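A.B. asks: Just lifted these from TrEMBL, have a look:
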- Leu161, Gly165, His166, Leu167, Glu287: (6S)-5,6,7,8-tetrahydrofolate binding site (BINDING)
- 19-120: domain 'Serine hydroxymethyltransferase-like' (DOMAIN)
- 153-426: domain 'Serine hydroxymethyltransferase-like' (DOMAIN)
- Lys273: N6-(pyridoxal phosphate)lysine (MOD_RES)
- His272: site 'Plays an important role in substrate specificity' (SITE)
Amino acid sequence: MTDSLISSAYSQALEVIASVEPRIAEATRQELADQRGSLKLIASENYASPAVLMTMGTWFSDKYAEGTVGHRFYAGCQNVDTVEALAAEHARELFGAQYAYVQPHSGIDANLVAFWSILANRVESPYLQKMQAKNVNELTEADWETLRHELGNQRLLGMSLDAGGHLTHGFRPNISGKMFHQQQYGTDPETQLLDYDAVAAKAREFKPLVMVAGYSAYPRRVNFAKMREIADEVGATLMVDMAHFAGLVAGKVFTGDEDPVPHAHIVTTTTHKSLRGPRGGMVLAQEEFAADVDRGCPMVLGGPLSHVMAAKAVAFAEARQPSFQAYAQKVADNAKSLAEGFLTRGATLVTGGTDNHIVLLDVSSFGLTGRQAESALLDAGVVTNRNSVPADPNGAWYTSGVRLGTPALTTRGFGHDEFDTVAELIVDVLINTTPGTTKAGDPSKASYVVGDGVADRVTKQSAEMLDKHPLYPGLVLS
Ligand code: DSN
């Protein structure tokens, strides 16, 4: 697509929007300016291509299509069928999956779909069988009561949030931590790395129905073959949430034991992180789970977002190009450059480094909380998010870490030298930031003071790199 086509399409679209609600058009312009002008280091964010973005802005948004391809609860779904079938086909090919379900609206939704399909397949109950066979009228109120007890309080073992796991892997405030009897595995207290023997010991003792692997803040690769061995030994079903690293799987950076798809019974993901697609979710499953995964809508999902499924198809088609493999490799290489940049400047990294797309900086050595560091960096145009570190003394709100990721700036074309400079700029901000006090003069975990001129200096140095690697080059809004 030529630059002038993209420029005129977006300029005209913004004019149409402005004719109804100019403030939304203005906020949309401003968002582009802000994203262009800052160092986006949030590990879960990226920049989707104009083709992906444009696909989301169509009349597919107006169609209801509950059900599955060829089996809808609404008339007139022939074009949605085309879109959903194509997205699923691309997903199966891209990941070598037996089955792909592209309807989930987000990662949490995808995980709920996976939980349901595991319960439906793995809990043994004559009532469940009747329900699955749609003989629900044969179930009495007493049968339903028994079934609720049988489905409830099943056991789930997932990675703890402060070790890098995700909320939906059994963390108490999330529904997964309430609907399941849950236990969590952490990382080795010394190395901060996954200790597979400790995971196995916990699994043997706890005997979970569901074992969840995957992470949102663990800066290392996981051996999914080992996780499957553990799951098999204790009779658990292995679910892998690859939301963060789906792009590294699609781009063949994670292969063999590090590719979850051949090892897990069921894999969930979002599509907008390292995979660089539209905001949404997806489930990849072994064939035995397919029928229950397909019940995702209306079991736990509302009507599919057909415009987003269309954009998933476009994004997956992009990810099947050789250029995406080169991109994914650069994401991992750049994370190493970023980590090296920190280590050579004396900073502390959780696990001592990275071998995926995440760098988790422990900011306690700068005398700061994650909250203070995140805010000070934002003042200098560096967009990150605070994150717990293992056994974090500051808890999940203030935290002691800042999580950084390379997918977005790699899309812009940043390479080794730029990521080394990014580390230099971040260290510059953090060594020049001091904790503030509360109004009463007590030490604060939130307020902070950035040294004079530091934010301006860093913003200027960032701008040089950002100008060299423009976001959506050629997109000029009139
Ligand atoms: N919010 C996502 C992240 O930032 O990792 C995970 O849900």
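Any Cβ shown, glycine's included, is placed from N, Cα and C.
Annotations in TrEMBL come from automatic prediction, not curation.
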A.B. asks: Just to verify a number: CA distance, His272 (site 'Plays an important role in substrate specificity') to His166 ((6S)-5,6,7,8-tetrahydrofolate binding site), in angstrom, no decimals.
C.D. replies: 16
A.B. asks: Can you list which of the recorded positions Leu161, Gly165, Leu167, His272, Lys273, Glu287 have their Cβ under 6 Å from some atom of ligand 1?
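C.D. replies: Those recorded positions that pass the cut-off are none, since no Cβ is under 6 Å from ligand 1.
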A.B. asks: In the structure shown, which of the binding-site residues Leu161, Leu167 has the fewest Cβ neighbours within 10 Å?
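C.D. replies: Checked Leu161, Leu167; of these binding-site residues, fewest Cβ neighbours within 10 Å: Leu167.
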A.B. asks: Measuring Cα to Cα, tell me the gap between Lys273 (N6-(pyridoxal phosphate)lysine) and Gly165 ((6S)-5,6,7,8-tetrahydrofolate binding site) in whole angstrom.
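C.D. replies: With the alpha carbons as reference points, the distance is 16 Å.
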A.B. asks: Give me the non-local Cβ neighbours of His166 ((6S)-5,6,7,8-tetrahydrofolate binding site): same chain, 6+ apart in sequence, Cβ-Cβ under 8 Å, ordered along the sequence.
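C.D. replies: Sequence-distant Cβ neighbours: Gly107, Gly158, Met159, Gly214, Tyr215, Ser216, Asp241, Ala243.
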A.B. asks: Just checking a number: largest C-alpha distance across Leu161, Gly165, His166, Leu167, Glu287 for the (6S)-5,6,7,8-tetrahydrofolate site, rounded to a whole Å.
C.D. replies: 30
A.B. asks: Check the DSSP secondary structure of Lys273 (N6-(pyridoxal phosphate)lysine), expressed as helix, strand or coil.
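C.D. replies: Looking at the DSSP assignment, Lys273 (N6-(pyridoxal phosphate)lysine) belongs to neither helix nor strand, so coil.
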A.B. asks: Far apart in sequence but close in space: which same-chain residues, 6 or more away, have a Cβ under 8 Å from Gly165 ((6S)-5,6,7,8-tetrahydrofolate binding site)?
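C.D. replies: In sequence order, Gly158, Met159, Phe171, Gln184, Val212, Gly214, Tyr215, Ser216, Tyr218 meet the Cβ cut-off.
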A.B. asks: As a quick check of your reading of DSSP, tell me how many residues in the domain 'Serine hydroxymethyltransferase-like' (19-120) are helical, how many are strand and how many are coil.
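C.D. replies: Split into helix, strand and coil, the domain 'Serine hydroxymethyltransferase-like' (19-120) gives 60 helix, 9 strand, 33 coil.
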A.B. asks: Taking 10 A as the limit, how many CB atoms besides its own sit near the CB of Glu287 ((6S)-5,6,7,8-tetrahydrofolate binding site)?
C.D. replies: 9
A.B. asks: Across all the protein chains here, work out how many other Cβ atoms are within 10 Å of the Cβ of Lys273 (N6-(pyridoxal phosphate)lysine).
C.D. replies: 26
